[in-house]
Amino acid sequence: MFVAVVPPDPVVEDLSTFLEPRRDQGMPWIDPAQWHVTLAFMESVKDRSLDDLVGRLGEAAARRRPMTLQLGGAGAFPDPARAKVVHLGLRSPAGGDDLAELGLLAANARAAASAAGAPVDGKDFRPHLSLARLKRPVEATRWLRILDTYDGPSWEVTQVELVASHLHEGPKRRPRHEVVASMPLGDGSV
């Protein structure tokens with residue numbers, strides 16, 4: 001299960017249109033319907049903890065304000081020479097502190113999950129939207145140069161979603177995502 005910001009359809013469509021003529025058949029692209037920005041990842045959530053988790057995440061979201069984000073700046077994990085994940089980063093298009101606000105939202109989501117008894121992956125939050133996952137590391141510099149030219153639309157983040165990932169249940173035995181709950185952001189004054 002994971003807590004995520006999901007870009008709206010116009011953003012997904014714009015990025016998908018940009019990628020379509022550039023897609024390499026050898027690259028295992030993630031289905032655009034599954035694009036998201038992970039704020040907190042919980043490997044397992046017990047059924048008895050789910051209601052508490054949703055409640056705590058709702059409270060955490062209400063403490064944060066909406067923000068305007070834009071995809072941009074290509075990257076790879078762990079690095080371009082040995083890429084296992086190719087991604088786009090995020091930025092605050094107006095140069096404001098919205099990226100810092102996203103970091104606070106991620107920290108609040110992680111704290112809420114931990115308090116609800118759902119252990120959170122301890123990796124540092126690095127805001128990104130994964131585009132491809134590779135089984136073996138590859139040299140991805142060419143892809144990063146292409147992706148760095150993407151200049152898509154910005155969007156206002158007004159909610160976060162708790163998503164269940166059902167492994168091997170989607171097309172081509174990829175994960176199938178199911179939104180468990182959507183939690184609106186507040187005005188940041190709580």
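From the backbone N, Cα and C atoms, a Cβ is placed for every residue, glycine too.
Non-local neighbours of the motif 'HXTX 1' (36-39) in the same chain are 2-7, 90, 102, 105-106, 109-110, 125, 127-129, 160-161, 163, 177; each lies 6+ residues outside the stretch with a CB under 8 Å from one of its CB atoms. Per TrEMBL, motif 'HXTX 1' is recorded for 36-39.
As annotated by TrEMBL, active site, proton donor applies to HIS36. Around HIS36 (active site, proton donor), taking its Cβ as the centre, 19 other Cβ atoms fall within 10 Å, counting all chains. Annotation note: HIS36 (active site, proton donor) sits in a coil segment as assigned by DSSP.
Here the Cβ of HIS128 (active site, proton acceptor) has 20 other Cβ atoms within 10 Å, regardless of which shown protein chain they belong to. Here TrEMBL flags HIS128 as active site, proton acceptor.
According to TrEMBL, the feature region 'Disordered' maps to 168-190.
Taking only the Cα positions, the spacing between HIS128 (active site, proton acceptor) and HIS36 (active site, proton donor) is 8 angstrom. Predicted-model confidence for the motif 'HXTX 1' (36-39) is 97, expressed as mean pLDDT.
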